[in-house]
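> Here it is, the structure, as structure tokens.
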Amino acid sequence: MNASVTVRVPAKVNVQLSVGPLRDDGYHDLVNVFHAVSIFDEVEAKESESVKVSVEGEWADQVPLDEGNLAVQAARALAKHAGRSYGVELVIRKTIPVAGGMAGGSADAAGALLACNELWGLGLPLEDLMEIAGDLGSDVPFSLLGGTAVGTGRGERLSQVEMGGTFHWVFAVADGGLSTAKVYAECDRLREVSGEQVAGLQGNQALLDALRIGDAAGLGAELTNDLQAAALSLRPSLAQTLAVGTELGALGAIVSGSGPTCAFLATSAEHARALAEALSAADVCRTAVPTSGPAPGAQLI
Ligand code: C5P
């Protein structure tokens with residue numbers, strides 16, 4: 001047994017998020033192209049009699065410390081899977097915005113799964129952890145896997161995408177989060193009001209080709225997010241954030257997942273840094289973070 005294990009887990013952006021009609025179980029079928037980026041949370045797991053959690057970092061005060069904490073749920077689910085009543089003290093060091101549409105909670109759950117698997121000496125293979133992850137949340141399996149992947153079903157069934165280079169991004173983080181469930185509900189409401197018929201869900205070959213050959217301009221032109229209209233309806237100020245990033249020369253501008261974080265594709269690392277500075281100066285976000293993708297999934301450090 002190890003006394004302490006630390007795992008690093010990436011944030012994500014969805015470069016395609018196509019949302020089908022509401023299912024009977026309250027979820028939506030998706031074609032969801034996940035792309036992990038180099039903004040990381042750390043989850044440390046230490047020996048303990050009971051399951052405890054603490055959170056450090058800029059977003060710490062917004063993370064629940066009770067059974068609502070996804071990392072706690074992950075530790076309990078893994079112990080249950082192993083048929084034992086293990087304890088663990090989890091310390092989450094947050095850098096990924098909370099309720100920002102970047103899978104921050106899912107990252108912490110994935111981190112807890114990998115860290116507890118190691119701390120408790122369970123030795124479960126990734127595929128077992130992926131299955132437990134899927135029950136914890138639709139985005140948790142991808143946080144384990146990382147890279148770039150197409151998710152189907154409610155997003156938990158993954159197939160990895162071949163990648164041909166590094167993409168440079170800026171994330172404009174907003175003040176205050178958006179509830180994923182509320183954004184999906186707003187998407188349903190807007191579709192009902194407009195009478196929009198949801199067409200069959202399809203992958204986008206041009207987008208996959210752009211990812212495969214590392215074509216940033218091609219990727220920028222193909223970014224789509226069916227939740228964007230709903231996020232903008234709930235947070236109208238995001239329209240200006242997207243417009244300013246586009247005026248500043250981003251190759252593509254999109255709400256990240258259910259928002260309110262906005263993602264901008266840059267031409268280079270240098271362009272990403274300049275774009276982040278300009279977005280901060282334009283006062284259209286709380287902070288703007290330059291980064292790159294794809295990033296690896298949950299990893300022991
Ligand atoms: O799976 P997860 O718990 O992260 O999802 C949070 C909420 O987002 C769900 O309760 C549901 O309202 C919505 N959701 C959805 N369809 C999906 C994924 C999530 O409607 N495919």
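From the backbone N, Cα and C atoms, a Cβ is placed for every residue, glycine too.
TrEMBL does not curate its annotations; it predicts them automatically.
For reference, TrEMBL lists these features for the protein:
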- Lys12: active site (ACT_SITE)
- Asp139: active site (ACT_SITE)
- Pro97, Val98, Ala99, Gly100, Gly101, Met102, Ala103, Gly104, Gly105, Ser106, Ala107: ATP binding site (BINDING)
- 69-147: domain 'GHMP kinase N-terminal' (DOMAIN)
- 208-281: domain 'GHMP kinase C-terminal' (DOMAIN)
> Validating a neighbour-count step here. Other CB atoms within 10 A of the CB of Pro97 (ATP binding site): how many?
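For Pro97 (ATP binding site), the 10 Å Cβ neighbour count is 24.
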> Could you give me three numbers for the domain 'GHMP kinase C-terminal' (208-281), the DSSP helix, strand and coil residue counts?
43 helix, 11 strand, 20 coil
> How many neighbouring Cβ atoms, not counting its own, are there within 10 Å of the Cβ of Ala107 (ATP binding site)?
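Within a 10 Å radius of the Cβ of Ala107 (ATP binding site) lie 36 other Cβ atoms.
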> Sequence gap of 6 or more, Cβ distance under 8 Å: name the residues on the same chain that satisfy this around Ala103 (ATP binding site), in order along the sequence.
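Residues satisfying the criterion: Ala11, Lys12, Ile96, Asp139, Phe142, Ser143, Gly257.
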> Give me the long-range Cβ neighbours of Gly105 (ATP binding site): same chain, 6+ apart, Cβ under 8 Å, in sequence order.
Leu70, Val98, Ala99, Gly137
> DSSP says what for the domain 'GHMP kinase N-terminal' (69-147): how many helix, strand, coil residues?
46 helix, 8 strand, 25 coil
> In the same chain, which residues outside the set Pro97, Val98, Ala99, Gly100, Gly101, Met102, Ala103, Gly104, Gly105, Ser106, Ala107 have their CB within 8 A of the centroid of the CB atoms that define the ATP site?
Ala11, Ile96, Gly177
> If you count Cβ atoms within 10 Å of the Cβ of Gly101 (ATP binding site), leaving out that atom itself, what do you get?
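So the number of other Cβ atoms within 10 Å of Gly101 (ATP binding site) is 30.
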> Counting Cβ neighbours within 10 Å across all chains shown, tell me which of the recorded positions Lys12, Ala99 comes out on top.
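Of Lys12, Ala99, the one with the most crowded Cβ is Lys12.
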> I'd like the number of other C-beta atoms within 10 A of the C-beta of Asp139 (active site), please.
27
> Along the domain 'GHMP kinase N-terminal' (69-147), what average pLDDT does this model show?
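Taking every residue in the domain 'GHMP kinase N-terminal' (69-147) and averaging pLDDT yields 97.
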